[in-house]
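Structure first, commentary second.
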């Protein structure tokens with residue numbers, strides 16, 4: 001047994017890994033030393049390893065970047081193959097989007113188990129390599145089946161979101177997890193904003209900038225290769241940086257991982273259900289808002305043109321990022337994770353009705369009030385997305401230390417299922433509502449408000465987040481334990 005003493009003579013006892021049960025994950029028993037009060041609870045959050053957090057955030061951007069970069073040009077790319085008519089291009093685009101989500105859902109549990117067995121870092125590197133390859137190849141497709149194959153390949157290697165969630169979880173504790181996952185969510189928002197921007201800016205470079213790219217036959221023959229190459233280069237840089245500087249955080253409990261059946265306790269299944277409900281509301285809003293902006297005012301929208309829609313989308317993404325980076329960590333520290341979830345979700349139904357109110361003002365020629373309502377939805381209403389991150393934190397607190405990767409794999413699979421089904425459903429409800437003027441075209445918003453009210457009810461029954469704030473930062477403790485075990489084995493004590 002080894003004792004490490006600090007200046008104030010607090011003692012931390014290091015035991016061999018074979019007998020100790022440290023609190024690696026979000027939950028788990030505290031050590032005897034913690035229970036005896038030798039490690040005092042800190043009033044301030046423990047400092048994050050910002051080098052690791054920034055490195056993981058750059059990697060997190062990759063998935064929404066590869067997904068969103070296709071949106072500006074994939075329709076035209078399909079039509080130019082000559083294999084699909086303009087009238088039917090929507091079906092092919094939808095299948096391209098769904099292909100990724102379906103294969104990702106089917107492969108995620110295998111990636112989660114691989115992360116538990118071989119480590120987080122090799123799984124992340126392999127997933128990033130798959131994303132790089134599939135994205136680069138997509139730009140050189142000349143047939144629709146090739147596009148399908150590339151998106152299927154991207155889904156098969158779609159384990160990066162799962163393992164990055166796990167790495168974020170294992171690089172923080174209960175005192176700073178809200179800040180860590182604020183960076184996680186902010187990076188996802190930035191990827192979602194950058195993807196369509198880069199896709200539109202770099203598509204068909206020989207036509208957009210003939211003096212620069214017009215003489216390069218590669219971009220003449222493959223007009224949509226450049227945005228895919230730019231995206232692949234970003235992923236390559238991220239992959240190299242992760243391979244060089246990312247630290248492995250796989251806990252020793254993963255040497256004997258629990259079965260999936262044992263992980264899916266009643267409490268965990270309930271928390272996964274709450275998570276699925278919350279992300280469904282958020283993803284439906286993401287899908288509905290651009291369609292609402294495009295729709296004419298007379299039938300329930302805002303009559304915005306594509307540049308205006310892009311501006312509103314960018315502003316919404318920026319406001320979400322600010323709420324997550326600045327607001328959520330403070331709310332989580334002041335109120336606690338569950339109370340933050342309850343309070344934000346209680347206001348969410350009101351925020352969701354603001355677009356309907358903005359259209360009602362526009363129809364009655366109160367344009368100033370309409371724009372103020374729309375601005376309130378973009379700025380203040382975007383705070384409702386904190387429910388997504390709050391419920392992720394609560395889910396982490398329910399995860400056994402040896403099954404964090406598995407739980408995150410299931411969570412990402414739920415996200416994939418939601419993205420495959422519910423955005424299309426809410427858009428269909430909106431289309432039926434405006435075409436038939438059901439409730440003046442506001443049916444979809446009323447349905448979403450009711451679903452958001454359901455999120456509030458779920459929040460009331462969500463389990464409290466566990467408090468491991470008495471423990472040391474998990475990465476530091478692993479280092480201490482490893483050093484202690486080496487001393488024990490060498491006999492130099």
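Glycine too: its Cβ is placed from the backbone N, Cα and C atoms.
Those TrEMBL annotations? Automatic predictions, nothing curated.
Now, the feature entries from TrEMBL:
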REGION    1-36  region 'Disordered'
DOMAIN    52-466  domain 'Major facilitator superfamily (MFS) profile'
TRANSMEM  89-111  transmembrane segment
TRANSMEM  123-140  transmembrane segment
TRANSMEM  146-168  transmembrane segment
TRANSMEM  180-202  transmembrane segment
TRANSMEM  222-247  transmembrane segment
TRANSMEM  268-289  transmembrane segment
TRANSMEM  309-328  transmembrane segment
TRANSMEM  340-362  transmembrane segment
TRANSMEM  374-395  transmembrane segment
TRANSMEM  402-422  transmembrane segment
TRANSMEM  442-462  transmembrane segment
Whether the transmembrane segment (89-111) meets the transmembrane segment (146-168): three or more C-beta pairs under 8 angstroms: yes
Touch test for the transmembrane segment (309-328) and the transmembrane segment (374-395), at least 3 Cβ pairs under 8 Å: yes
Among the ranges 123-140, 222-247, 268-289, 402-422, 442-462, the one whose Cβ pairs under 8 Å to the transmembrane segment (374-395) are most numerous: 268-289
Intrachain residues whose Cβ lies under 8 Å of the transmembrane segment (180-202), provided they are six or more past its termini: 48, 53-54, 56-58, 60-73, 164-165, 168, 171-172, 226-227, 230-231, 310, 313-314, 317-318, 320-321, 324-325, 328-329, 385, 388-389, 392-393
Ranked first among 123-140, 222-247, 268-289, 402-422 for CB pairs under 8 angstroms with the transmembrane segment (442-462): 268-289
